[in-house]
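*Asks:* Pulled the feature table from TrEMBL, pasting it below:
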type     : residues : note
REGION   : 268-288  : region 'Disordered'
TRANSMEM : 76-96    : transmembrane segment
TRANSMEM : 118-136  : transmembrane segment
TRANSMEM : 148-167  : transmembrane segment
TRANSMEM : 173-195  : transmembrane segment
TRANSMEM : 207-229  : transmembrane segment
TRANSMEM : 235-258  : transmembrane segment
Amino acid sequence: LPVPIAVFFLLYKERMVPCFNGSSHPLLSADELALETRPGDKDELSTAAQRPHTAAAGHEDLFSCCQSKNFRGVSFTYFAVHITGALVLFMTDGIVGEYSGFVYSYAVEEPLAVVHKVAGYLPSLFWGFITLGRLISIPVSYRMKPATMVFINVVGVLITFLLLLIFSSSVVFLFVGTASLGLFLSSTFPSMLAYTEDILQYKGCATTVLVTGAGIGEMVLQLLVGSIIHDRGSYSFLVCGMIFGCLAFTFYALLVFFHRMYPKPCPELDEASPEKAAVPEDTGQYQR
């Protein structure tokens with residue numbers, strides 16, 4: 001609770017809450033905000049002083065990105081990339097949640113019947129290899145495209161679940177498969193963000209769609225798998241993971257298809273002058 005309360009307080013101070021923006025004063029003035037953003041650009045500071053409300057233009061309305069005027073003339077592939085990317089993260093983050101939540105319950109039931117103390121190492125092994133995979137993915141991302149990383153991750157998850165189903169009576173392979181699954185799932189989320197950032201002219205709403213899809217998947221799939229295990233038995237745990245992996249691969253294939261259909265940016269935009277590149281317009285886009 002302290003975290004959302006603190007975030008709400010910051011939203012209130014920055015006048016981003018529509019119903020409570022009457023008497024509050026922003027934490028940073030327009031000049032201070034421009035100084036924090038670009039400390040060495042005096043021309044931009046003078047421009048910000050002449051237009052005091054421009055620096056906070058992106059904070060005037062909490063739901064400004066959802067206005068219909070922002071989507072005029074946008075092709076359907078723009079929405080398709082958002083939706084398919086969110087569905088891939090819905091499945092992969094859902095697998096993370098349901099596997100870490102129920103692998104212990106699966107291990108202690110028949111036919112494996114692992115000792116409770118030994119089965120307790122499985123969630124720790126899973127999260128440990130997720131951490132290790134995220135460390136490994138940092139140097140790998142310098143040499144490999146995000147689309148390729150997502151493809152390897154999704155295919156690796158699918159193959160791992162297939163092998164877990166084939167060797168479902170092997171305790172040793174359950175540990176090996178758990179570690180392998182953690183490695184493949186570790187970099188899926190950041191790689192998908194980087195991949196969609198390469199496709200779209202990125203804005204905050206794109207991140208919102210992807211993060212929301214991932215969060216909902218992690219919540220919903222745990223509830224769904226828990227209900228299925230309760231009704232159908234522990235073996236359905238791996239079957240559900242296999243189905244989710246197939247769906248993640250299908251949605252990734254659709255994402256690649258829509259990426260090929262998505263209109264490429266105009267070449268004139270790539271040949272912008274250094275002055276325009278140094279002082280970008282306040283469009284809410286991410287700066288890298």
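Every residue gets a Cβ built from N, Cα and C, even glycine.
Heads up, TrEMBL stuff is auto-annotated, nobody curated it.
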*Asks:* Considering only Cβ pairs within less than 8 angstroms, which of the stretches 118-136, 148-167, 235-258 has the most against the transmembrane segment (76-96)?
*Replies:* 235-258
*Asks:* Count, for each of 118-136, 148-167, 173-195, 235-258, the Cβ pairs lying under 8 Å from the transmembrane segment (207-229), and report the range with the highest count.
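*Replies:* Maximum Cβ contact count belongs to 235-258.
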*Asks:* Can you tell me which of 118-136, 148-167, 235-258 gets the most C-beta pairs within less than 8 Å of the transmembrane segment (173-195)?
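*Replies:* Most Cβ pairs under 8 Å with the transmembrane segment (173-195) come from 118-136.
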*Asks:* How about long-range neighbours of the transmembrane segment (118-136): same chain, 6 or more residues beyond its ends, C-beta under 8 Å?
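*Replies:* Distant Cβ neighbours of the transmembrane segment (118-136) are 96, 99-100, 103-104, 107-108, 174-175, 178-187, 190.
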*Asks:* Report, as numbers and ranges, every residue of the chain located at least six residues beyond the transmembrane segment (235-258) whose Cβ falls under 8 Å of a Cβ in that stretch; write 'none' if there are none.
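*Replies:* Contacts with the transmembrane segment (235-258): 77, 80-81, 84-85, 87-88, 91-92, 94-95, 98-99, 102-103, 105-106, 147, 150-151, 154-155, 157-158, 161-162, 164-165, 168, 195, 221, 224-225, 228-229.
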